[in-house]
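Here is the structure we will look at.
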């Protein structure tokens, strides 16, 4: 039986599912299997009935929602009129990527797996549940699952006689060729594709809006341990509109110092211009890269040299290495037996791609430029809750950004790429423009004017609730109850004066929790319990909606536990009934969360 074309379809929000899908494509080609890799919504879903072998790679977002680039597919595949034999010719497998700190961990992958079985598909394997919370990340589940997958696939569809697997030490052809230009082209100028003011289409990832930064203000006290910024952008003429709960995506860049260091280590001329040419006819050039492009632009705006490399990075780097000792170490890091050592070298200290290349200088200096886009992942956009309403701040968009910085055993502090880049931008020193676009968030607020809302937002989790409060107050909705948690009243009490003014106007009831101002720490869940009778009255008798945003570590579980206690003490419910009551709130979208790790 001839080997079929393997189809890998992905639904990806942050890029991880796409990375895993491309890894699947590489491993398939190494095993002499033809392979196509596509986003689910770019694939004509009606053709699925003709596909013999499909791997689905799906992330789960928000409250168990599918990623944006598989929502059309999701609606189609769950149509009730699809026959139960629609996919009876298909062998399939589903690989899920999620975060076990969320209640609906890998919900999309689990639900899709069940649906494909209902439609007659044959599962090659149980669904894979990759977990961001694992110390090795999703690879802890993905690696053994992929080994089993290839055993099953090759057992069903062995390669033609005489065609052996391409050995791991031999690099596959690069996805692109870089055609270097001897001189600058006479027409056109380098720059990313952007949405221009007055454009018919709203800004998107392929065409972001270059928003002028109006202000970049630190809102934590000078002695506070964390630098938190309130940043405002001008979106006049962008075509951007948003509502409370929506998020803005920002495309960050690498620092000039890191770009210079990268070019030095790899022996690249940052001003060298090139044209990017795909090797395969069905592969298109990245829309974010101009043609022609300079090496400086590629490294500054596209290659994520500040990310922690995955195992696949070491696999390809070992293939490209010409230095015996360095190659030996890279092969060890990329082997199954070397994963513990790789974790200690790379994952635990959060060592970056740039730092790894500096540790392997002979290998780095010999990397063919054609392989840069295969070796280094693309810089992914970062999502921030919008912290303002267009009804209060017309043509403006504000975000609250906690600058990520922490120490590991490495001498240099670890810094978040996007938050550090944003914090470094100073509109007072000259014009600053930031590529951004907006998408719907996971929080949806009630449209009925008399429905109260309870919002629990410790730290920067308060950002979407500021947008909601501004929007609701502008619409005359006064039933706003905000539980805000921070450490110190005089250090990180964001928008204190604004909240107090709204309280004076009877537009807001503010319940703060200052965790460090007394010997016994007080958190938002403690204030909820203190005001349990009010919370029960609002939820049970007034039909209030309850919202929670912030760090996913333990706060969501603590708040849920506080609610369960309130339901039992104030509502007289037994424990199972309290759990059922909470579940009903979640099912009817009267209890919504937006948390992050």
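Just so you know, glycine gets a Cβ as well, placed from its N, Cα and C.
Residue 59 (FMN binding site) is surrounded by 29 other CB atoms, counting those within 10 A of its CB over all protein chains shown. Taken from Swiss-Prot, the feature FMN binding site covers 12-17, 59-62, 97-106, 132, and the record attributes it to experimental evidence.
All protein chains shown were included, and the count of other CB atoms within 10 Å of the CB of residue 417 (FAD binding site) stands at 21. Residue 417 (FAD binding site) falls within a helical segment according to DSSP. If you look up Swiss-Prot, you'll see 350, 382, 383, 384, 385, 416, 417, 418, 419, 596 marked as FAD binding site.
Look at Swiss-Prot and you will find 460, 515, 516, 521, 522, 523, 524, 525, 558 tagged as NADP(+) binding site. In the three-state DSSP classification, residue 522 (NADP(+) binding site) falls within coil.
Averaged across the domain 'Flavodoxin-like' (6-150), pLDDT for the predicted model comes to 91. Taken from Swiss-Prot, the feature domain 'Flavodoxin-like' applies to 6-150, supported by sequence analysis.
For 206-447, the entry in Swiss-Prot reads domain 'FAD-binding FR-type'.
Residues annotated as region 'Disordered' in Swiss-Prot: 188-207.
Shown in sequence order, 523, 525 are the residues of the chain, 6+ apart in sequence, with a C-beta less than 8 angstroms from the C-beta of residue 558 (NADP(+) binding site). Residue with the densest Cβ environment among the binding-site residues 383, 522, 524: 524, by other Cβ atoms within 10 Å.
Taking a C-beta cut-off of under 8 angstroms and a sequence separation of 6 or more, residue 15 (FMN binding site) has the following same-chain neighbours: 377, 378, 380. Here the CA atom of residue 383 (FAD binding site) lies 16 Å from the CA atom of residue 99 (FMN binding site). The DSSP breakdown of the domain 'Flavodoxin-like' (6-150) into helical (H, G, I), extended (E, B) and coil residues amounts to 58 helix, 34 strand, 53 coil. In terms of Cα spacing, the binding-site residues 350, 419, 522 all stay beyond 10 Å of residue 12 (FMN binding site).
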